[in-house]
Amino acid sequence: MAAASLPPSPPHAKRPRMSSSSDPEADSEPTSASAAVEGADPAQRRPKYKRRKVAILLGYCGAGYQGMQKNPGARTIEGDLEEALYQAGAVPEADRAAPRRYDWARAARTDKGVSAAAQVVSGRFYVDPPGFIDRLKAQLAPQIRAYGYVRVTNSFNAKKFCDRRRYLYLLPVFALDPSAHPDREAVMASMGSGSELSKCLECSERGRKVPGVMGREGKLPSPGQNAVDAPVEGSVASHDESGTLGDAKCDHASSDGGNPCAHGEVVLNSKEKLDLPVSGDGTEVANADVGSNGAGDVVPSANADIYIGNEEKKLEPVATEEKAQGIDSEKSNGEEKPPTKSTFSYTNEVKERFNRILKYYVGTRNFHNFTTRTKAEDPAAKRFIISFGTDHVVSLDGIDFVRCEVVGQSFMLHQIRKMIGLAVAVMRNCAPESIYDVTFRKDVNLNVPTAPEVGLYLDECMFTSYNKKWKDSHEAVSMEPYYEEAEEFKVKYIFTHIAAMEHKEGAVALWLHSLNHRNYPDFRYMETAEPKVGAEVESIDAGAEAKVGAEVENIEEAKMPSDNLSE
């Protein structure tokens, strides 16, 4: 007699499968537990979305954020974005604080205060084409803008698949003027030379005055006499305990090509009066009206013309009648021209020199001196810069900025800001151009200045290889469809923030005062380093002599490490 057959065992429950871009109907799951309850009130359930691997294109202004990467206890772009994705229904409750569970990746990791006009993040999210971006925008702060999203392959990773990244740094034109915003050492060195520099009260090291130049106890030196002090009343307040003058300020909002307080001049408040004594040549200067034209110079008044100058850097009272008749003003030390406004501008000569300096960074270099926590022996210190240069000047709220564009495979922490910082130091003659002969050597450690973060922003992340490989089956990951929206966002948030920071806080102006040999003694490395007799200088490019300014023919030859991405 045949044994009774056993009933078949029930099949094991299958594990929910992640969606693939080739299976449009797969993996339809609820976004919350309440949505899975049968018979629940539809009004109390979240709608069901399909889980897809997508790349989200967005922009943000970095003001008030501690960078892109999520950091416990700090407000970051990534933290706000993750929360917005959850609130928009793209991330389930179980994955709310676990980005690894939905394959989260970012194309670039920007630093504190750095903005992005075109950032890309990727992951597996529950999306529906009609309203996903609208729901996400509703949950984000105004300074974070989601442009759109595209379906990508199941293996796509925004960090690993990004071929190159383009950053822009908006540098005020006056930063390239060696005499604008001089440091205290330069002011002291100019004393007794006949062309004394006046300290930039609003921008320089606060709490310190320059004896003999700024005077003592609220007094300014008389014309042509550095040792004699003239009492000043009205717009120039007396010195406080720190030795600074109260109301004499540097005009950050200068319209002189974006050159606030050019050549270290001090601009007095408009329509103020100064009671000055009789000058050395017997000309009486009393109740002089001082006016500002907003361009960093002092407007001639009805009674006298008072100017703290660019070239002579001292007070020069000139009788209005003489000036009107075109008569040269008399000076106690012989003939002297009337003071003139700064004429520094971004000329072709300045542009060519700046581009020549930036070309030193192009190619495969060891950038251990341009980052922190990365040793020269670490392979991650080698990075490949595709191009670095400046093309034109843009004007933002009355300030002219040089548009510096750098394209590279990847960048380390502070790398771009340090590259700009050293280039500016060379342009201002704080460091010799020959310092680049040793900057990339493994056996040389230099302290390189870091430019302010406010002018830097991520302009685009490029996925050339991915788009070429999957062009027949997938939409390209590109900012092209969102170009106009991104430009509008840049103008409204990023550019406005950069100009406002320079106007209100003088971000770059304050930084320029620190570029001196006291803070950066390595600027004199080429003077103090002992020459090595018979030793050949180590090649920058592993045996090949570096050609500054040469174009890189094949960017795919250099395979740089993809970790430690920052800017």
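Just so it is clear, glycine is given a Cβ too, placed from its N, Cα and C backbone atoms.
Feature annotations, courtesy of TrEMBL:
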type	residues	note
ACT_SITE	ASP111	active site, nucleophile
BINDING	TYR167	substrate binding site
COMPBIAS	238-254	compositional bias 'Basic and acidic residues'
COMPBIAS	315-339	compositional bias 'Basic and acidic residues'
DOMAIN	358-463	domain 'Pseudouridine synthase I TruA alpha/beta'
REGION	1-48	region 'Disordered'
REGION	235-257	region 'Disordered'
REGION	315-343	region 'Disordered'
Composition by DSSP (helix, strand, coil) of residues within the domain 'Pseudouridine synthase I TruA alpha/beta' (358-463): 28 helix, 36 strand, 42 coil
Confidence summary (mean pLDDT) of the domain 'Pseudouridine synthase I TruA alpha/beta' (358-463): 96
Candidates ASP111, TYR167: member of the recorded positions with the richest Cβ shell (10 Å): TYR167
Nearest-integer angstrom distance between the alpha carbons (Cα) of TYR167 (substrate binding site) and the residue listed as 'active site, nucleophile': 13
